[in-house]
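Chemist: Here it is, the structure in full.
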Amino acid sequence: MTQVTVKELAKVVDTPVERLLQQMREAGLSHDNAEQVVTDSEKQALLAHLKSSHGDKVEEPRKITLQRKTTSTLRVAGSKTISVEVRKKKTFVKRSPEELEAEKQRELEAQRAEAEAERLKAEEEAKRKAEEEAKRQAAAATSEAPAPAASPAPLSEPVVAAPVVEVERKKEEVRRPEKARSDEDERRDRKHAQHRPTLKEKAPAPRVAPRSVDEESDGFRRGGRGKAKMKKRNQHGFQAPAGPVVRDVAIGETITVADLAQQMSIKAAEVIKFMFKMGTPVTINQVLDQETAQLVAEEFGHKVKLVSDNALEEQLAESLKFEGEAMSRAPVVTVMGHVDHGKTSLLDYIRRAKVASGEAGGITQHIGAYHVETDRGMVTFLDTPGHAAFTAMRARGAKATDIVILVVAADDGVMPQTQEAVQHAKAAGVPIVVAVNKMDKPEANPDNIKNGLAALDVIPEEWGGDAPFVPVSAKAGTGIDELLEAVLLQAEVLELKATPTAPGRGVVVESRLDKGRGPVATVLVQDGTLRQGDMVLVGVNYGRVRAMLDENGKPIKEAGPSIPVEILGLDGTPDAGDEMMVVADEKKAREVALFRQGKFREVKLARAHAGKLENIFESMGQEEKKTLNIVLKADVRGSLEALQGSLSTLGNDEVQVRVVGGGVGGITESDANLALASNAVLFGFNVRADAGARKIVESEGLDMRYYNVIYDIIEDVKKALTGMLGSDVRENILGTAEVRDVFRSPKFGAVAGCMVIEGTVYRNRPIRVLREDVVIFEGELESLRRFKDDVAEVRNGMECGIGVKSYNDVKVGDKIEVFEKVQVARSL
């Protein structure tokens, strides 16, 4: 037996010694010193005292649950047996004295309430019997009185009420007295009540209430055992509105007929019928403009709420936070000018690279974006094409730029694309720095350039204007430093600012479809910082930036303001000029992209339908145009747009070009099938066909051509259209003879003696006989003689005799005109 002292016990139970001694004294132990020994029995006594003082008692189990499991076998068809296991569980609860006392009180209250209810019921029954007795006596007195012959006997209340009373009386006799229900009955009723649908509590009514004839006819019927039952009426009813329902109809910039009808809660046929009455035939999927839809909705009596179609985009713009300190950024400079004036060569010298030699035909066909570190700071350059077909590219270049370098060749002067570049720069409000190139040539004439540009309102600084003119030579490298100095001086004047800490924003310069990497977009970051992994929204496309490359193809992690980069990860190739912005989450980007796609589709459908309606009467009675169908594939989006724009301008009233399919990337099997189905020519601009496409082209004999210079495509298409035009029949007047006398011949009839006054008269050629310059006969020259000899031709100033086949009414003074018909090839 282990013995411990009071001190050791206090240490074990983590209690002060004085407190433990006090508790031991309260337990009836005689310990008063910390060194005294405590036995096990004394410990048990102390523990029992502490438990009783704290209220802990050894509780007996209050709930016992019994489970029973029985297994049986069920035989089914096909001599199969199924084992069925039935489990039952029963729980017995031992209630405390307090609960038993409360239960007794509830039973007593229930008995008192039941006795009170019985008393009220007895009083009500006695009262009812007294009323019935009074009614019976009144009915008997009425029946004994003499009734008029015309009035029929009453058959409602006495006839119906008396038998019912008898039946109820018999029921009362047989009905046993109600006993107080046991706990088991109440529990069972509560269990059933959980599974029964809740019914409305009916108001207390007298047991035998007389029914009227209306009640009998309206849903009441007699049951088989004399019980009154009510028919269930589960019929659904619709109550028409008291007045017309006025709805709020939200109308955007465009809305289809079906959507408008749905918002007004009417059938689309009613809207179409109304539009027909207004004189506008429409279909269910036709797009209406905002004014027309507003007029229709107001005519139907609804309230119109005009909403902006750009609400979703405005919310997106508001959600983006562009906070941070604005800092100076590098200028974006666009090099513009006429073709072959040396734009790319000038940029090459600045970049110390040879780009122009790599361009097909020596002309730029894409917008190139580069940033260059100079001694005076960083400058971003955009190189635009100068050919007329690249008008849209130059316009985009001017839109994204801060300063324009206008390159003009000193030996060539101001050309059409030079004028166009000036117009784009002025429309964008961008300052112009003129670089007079090719100053190393002996025929250079810079004064001619100044005069030509002054006529376009580009006044040199030395003439009091604001456009610096810098003579340069891209070949020799002279004047390049002065040109960069002039550009950076203009940039300082503009005070260009950007916020590097904000989310990235920019513009798409170019896009293409790379076979290994998917859609690739060249983006110029204009504000903020674009980072790898950002979710970007670009026009109708979106995606997460998987990788970013600089202009040399090296991967980078982020790009600040004025930096051009190539981004990978978009779901499609965006159009050049589309705005790029970094958004917070993919869901918002997808919503806006899908909204823009739907909006673009609706506008396109509306434009196409309007064009059809406008041209429907113009095309009536005209022959169908001959169409040259083309499937066009290009390497980048900008070149594709330039080609489509150039080809669409070719043609006239008889022939036209239709680009049935276009895209970025190589020629695929689906492109070849499209060309086969539409009888089109396949053109590839800087792209090639894959094996599947080549197989279809060879087997079906399709016309497929590759090009790398835009001039060649345009020239070939012009030739093809010229061949489709056919040829014109033109009449050439060979000679004219004047009739001086008329002779009679037994063989030819009337023979005209003539003098050739113009050209040469030939035999067996068609002729016209003119009298007072009016054609009176057209036929063939049958006989031509000079001095009684048949000749083949008679020249100017000679006399001859002319016999006209099947015509004898020749008179003196008539003119005989000899002509020929020639087929001449037509041109556009």
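In case you wondered, yes, glycine gets a Cβ from its N, Cα and C as well.
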Chemist: Do you know which of 57-61, 362-366, 417-421, 557-561 Swiss-Prot annotates as region 'G2'?
Modeler: 362-366
Chemist: Looking at 437-440, 465-468, 553-556, 725-728, I want to know which stretch Swiss-Prot calls region 'G4'.
Modeler: 437-440
Chemist: Return one of helix, strand or coil for G337 (GTP binding site), based on DSSP.
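Modeler: Going by the DSSP assignment, G337 (GTP binding site) falls within a strand, counted as strand.
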Chemist: Summarise the model confidence on the region 'G1' (337-344) as a single mean pLDDT, whole number.
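Modeler: A mean pLDDT of 78 is what the predicted model shows over the region 'G1' (337-344).
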Chemist: Over the span of the region 'G4' (437-440), count residues by DSSP class, listing helix, strand and coil in order.
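Modeler: Final tally across the stretch: 0 helix, 1 strand, 3 coil.
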